[in-house]
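Now, the feature entries from Swiss-Prot:
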- 19: Cu cation binding site (BINDING)
- 69-78: disulfide bond (DISULFID)
- 91-107: disulfide bond (DISULFID)
- 184-193: disulfide bond (DISULFID)
- 216-262: disulfide bond (DISULFID)
- 261-269: disulfide bond (DISULFID)
- 281-295: disulfide bond (DISULFID)
- 332-377: disulfide bond (DISULFID)
- 376-385: disulfide bond (DISULFID)
- 453-464: disulfide bond (DISULFID)
- 477-493: disulfide bond (DISULFID)
- 492-503: disulfide bond (DISULFID)
- 574-583: disulfide bond (DISULFID)
- 203-395: domain 'Albumin 2' (DOMAIN)
- 396-593: domain 'Albumin 3' (DOMAIN)
- 99: phosphothreonine (MOD_RES)
- 221: N6-succinyllysine (MOD_RES)
- 436: phosphothreonine (MOD_RES)
- 438: phosphothreonine (MOD_RES)
- 452: N6-succinyllysine (MOD_RES)
- 535: N6-succinyllysine (MOD_RES)
- 580: N6-succinyllysine (MOD_RES)
- 1-10: signal peptide (SIGNAL)
């Protein structure tokens, strides 16, 4: 049990050293198809601007090399580490300096510094054009003409836009993408069959990318202790019947898998993830009764299914926690003997009893418990000091409960679009220095929490909502870190992972902010507004709303609502006009003048 939070222990350490050639070992374990897919993802995540053909060429060279090593492990260079092999390969790209600038300096470094340097240059917001979906017939033709290239292009386009996408999971998405085309390109109505499937994959993919980004941020910014604590809480909720030792083993293995993927070690990560799935399926009886249906599936589907599996039923006769963690006279002795194990067990016991709490709340409770023990175990009468520790949890529990209740009520009342607008106003007032596109993206996603979580039963609302908000706010933190503009954002993002959401919730109107000068150009619109999709229209209107609040941070709800209603009416009027552009040219300045007057 002492191994729970010690990173030295890991089953991977033991099998690693027996292979003369790491690249041959991974090729044999993963098979050619997965090997090639993962190498393509790795290269696309590092060199996000390189053309597709360049990457395919690199992947083919690495694959041919791996095959020579499989044939003879002692062949030249086969004993080199994967980082050395891949890094050397990346550094052969001729246009490295002109395309990536200072990233080319990484090539002068030795491993492991070189790989760290490449990782630091991954761009979370790469300047790439949005993906445009071709006509269905065009896609089906491309799929039939060259299925392999079609699927590689999918891996490449997603990986370069999402440099931290969980690689083995991206292979699963690609398999579903392939299945959708194989089925729908045969269908009578291709579009009706295919488009909903592609929309679903796109939305799920974006969600998967964002969830993984939070895992990588936890590991990179807060260390593996933070990730392990998160994993103990989550797995204890999922597997309440499993023993603590079993949960600890899974946490250790899961931490290794994610550390590897977040570190760009995609072959090791995928191999270890497959081992973990195998282990879980061989030991279902001591983990969870819910794993059965996952374990019959093929590998990629199996791993995905295990990751998403629903919570097992709680054992019926769990005793009260107070006996061991409050009433016992040995609390301080047990804590002092092995602090992290004792806290890990506390977190496990609390989490398995509370599938209705968010993981972040459970971690806050464990943190509060730790702080109380640190204080009380040094006191004259420790037991007297910590006797009321569970009462101190109450406000911590009520805060997210009330937050979810209030925001779900607001969502029910307003609907998604107007709920997003309320959040846009709220967040622009808190952190007006943040760029408008980032505020729009983050607030739109925060607003999606309503449709995602508010219709769930009470017991599932908080874990759904708060853990989703943590994922969305991490996106704000990641974008803000690239171009920091607000000390408040930096403070909320870096001080504490588990308190990020309460930190943002607690921010008030930024009094120090100097309002942005009014710029008529920002509020000038043209006839192209009329041909936009509903979503694009919303983004345009929401962009204007953010700019209004930046110009008048103290505007009231009523004032802003008046201006937005006028805006909608003005756009609708001009889009119905015979000469649309003339209408925008004439009505636009009137709208701007009326808005300024309304906000004066």
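Cβ atoms here come from the backbone N, Cα and C positions, even for glycine.
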Least buried by Cβ count (within 10 Å) of the recorded positions 19, 452, 535, 580: 535
Residue 184 (disulfide bond) versus residue 221 (N6-succinyllysine) - Cα distance in angstrom: 43
Residue 464 (disulfide bond) as reference: those recorded positions from 269, 377, 452 with C-alpha within 10 Å of it: 452
Rounded distance in angstrom between the Cα atoms of residue 193 (disulfide bond) and residue 216 (disulfide bond): 35
Whole-number Å value for how far residue 477 (disulfide bond) lies from residue 503 (disulfide bond) (Cα to Cα): 12
Of the recorded positions listed as 295, 376, 535, the one whose CA lies nearest the CA of residue 436 (phosphothreonine): 535
Most Cβ neighbours inside 10 Å, all chains, among the disulfide-bonded residues 193, 492: 492
Densest Cβ neighbourhood among 377, 503, 574 (disulfide-bonded residues), 10 Å radius: 574
Integer Å distance between the CA atoms belonging to residue 19 (Cu cation binding site) and residue 184 (disulfide bond): 44
The domain 'Albumin 2' (203-395) [mean pLDDT, rounded to integer]: 96
Of the recorded positions listed as 19, 69, 376, 452, 477, the one whose CA lies nearest the CA of residue 281 (disulfide bond): 19
Those residues of the chain, 6+ apart, with a Cβ under 8 Å from that of residue 261 (disulfide bond): 166, 167, 168, 212, 216, 269
